[in-house]
Amino acid sequence: MVATPSATTGLQVAQDYVIADINQAEFGRKELDIAETEMPGLMALREKYGTEKPLKGARIAGSLHMTIQTACLIETLVELGAEVRWASCNIFSTQDHAAAAMAARDIPVFAVKGETLEEYWEYTHRILEWGDGGSPNMILDDGGDATGLVMLGSKAEQDITVLDNPGNEEETFLFASIKKKLAQDPTFYSRTKAQIQGVTEETTTGVARLYKMQKSGELPFPAINVNDSVTKSKFDNLYGCRESLVDSIKRATDVMVAGKQALVMGYGDVGKGSAQSLRGLGATVCIAEVDPICALQAAMEGYRVVRLEDVVEDMDIFVTATGNYQVIRNEHLLKMKDEAIVCNIGHFDNEIDVASLKDYEWENIKPQVDHITLPSGNRIILLAEGRLVNLGCATGHPSFVMSNSFTNQVLAQIELFTKGNEYGKEVYVLPKHLDEMVARLHLDRIGAKLTELSKDQADYINVPVEGPFKPDHYRY
């Protein structure tokens, strides 16, 4: 496919992809070749299902960070028979060479690092539009934006007033993009929704949206909660963040973490990994939590459990990892010390009240790193404009841990596409034996050797010799 520069943006635009620079495709392919050696789960699925092609006929609309690791996921889906259209789920998370590598294979991808919010929603629409006028029949989501777009658009077809009062800048662009689409095609969203056989969701915040729809009876198709597979949440969320958080802070600021005081807000799996990473480089780490169980866990690990308002003037580094909104508000930002570093590793950009800083003086240091001068004269360093710091200021999680997550995604897509009529309009998790299979596929790469139960031992603890080894309620 031939790409030509847009006269208005300079981006590479073709009939069926929008990327920054097709000339980066060779670089992307070289990095993808390395990533494949670190993604044994995906490679095993290609070998197992490549001939069978269980996803033949699947049209997957993918909304997930367009990274090198995601490129490996995309190529696995294609190898298994799927047609794929892809956009990033964050305006800063795209790796342009990864997007170029996909475009060079004629895989429709719409993702540019640093795209505007207007472009973001335009690109998310593009993954729902098949060239033959058809629709996707599967969604692979991260954060729920693709699913949410279909659902909100369907509501707007019936009542356009749902788009009247945007609550923030992002909703302003989202609502405008839906109105624009409805003017072109008044039944686009309901037709698309009717074709969807299922959705697989990658992350905590997107899963919360699905459960909310299920509770209200609005979920129109089955969904698989990939996030709560043990081999996703206990690995990607924990060990991935343990490596990628400090990587992003160091790349963005070059500061010495040792000796700094850091506050991690939220002590779920992401917060646990984040706290470990900062402590590992010598920071004194405190935790802010609302959940008494998580707070007790943090205390038992030796962290001080504090309230933000009690320590805000003392901290050097602030990390939000809650999945909630307005966690760090303007009154907190105004009290921060000079050169405090503020960042977010939760999925959405509303954990930090960045909008309240817009009236202050901003100095851009480099992409996704801004100095903001407060009324007190102190300057804070805001990373990635409050969006995902590990993908905005670095390259996200390492390939190996993402292989765990993405192997779950492929299995979930196969499950819903081939057996969708066996599922109701509810949110499901993958069965335990598949979770254990994902783990098993990754052991050899790191030299781990499993001990095997004898028949007598298996009978004694009442499990099959080959597993599953734990009941569904086991917490790991």
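Cβ atoms here come from the backbone N, Cα and C positions, even for glycine.
For THR67, ASP142, GLU202, LYS232, ASP236, the entry in Swiss-Prot reads substrate binding site, with the evidence type sequence analysis. Swiss-Prot lists 203-205, ASN237, 266-271, GLU289, ASN324, 345-347, ASN390 with the feature NAD(+) binding site, giving sequence analysis as the kind of evidence.
Of the recorded residues, GLU289 (NAD(+) binding site) and ASP236 (substrate binding site) place their C-alpha atoms 21 Å from one another. Between the alpha carbons (Cα) of VAL270 (NAD(+) binding site) and ASP236 (substrate binding site) lies a span of roughly 9 Å.
Among the binding-site residues listed (THR67, ASP142, ASP236), ASP142 has its Cα nearest to the Cα of THR205 (NAD(+) binding site).
Between the listed binding-site residues, namely THR67, THR203, THR205, the fewest other CB atoms within 10 angstroms of a CB are found at THR205. In this view, ASP236 (substrate binding site) is surrounded by 27 other Cβ atoms within 10 Å of its Cβ, with every protein chain counted. Ranked by Cα separation from THR203 (NAD(+) binding site), the binding-site residues THR67, ASP142, LYS232, ASP236 are led by ASP142. Cβ neighbour count within 10 Å across all protein chains ranks GLY266 highest among the binding-site residues GLY266, GLY268. Cβ-based neighbour count (10 Å, all protein chains) for LYS232 (substrate binding site) stands at 28. There are 23 other Cβ atoms within 10 Å of the Cβ belonging to HIS347 (NAD(+) binding site).
Each residue contributes its Cα atom, and for GLY268 (NAD(+) binding site) and GLU202 (substrate binding site) these two points are 16 Å apart.
ASP236 (substrate binding site) and ILE345 (NAD(+) binding site) are 13 Å apart (CA-CA, integer value).
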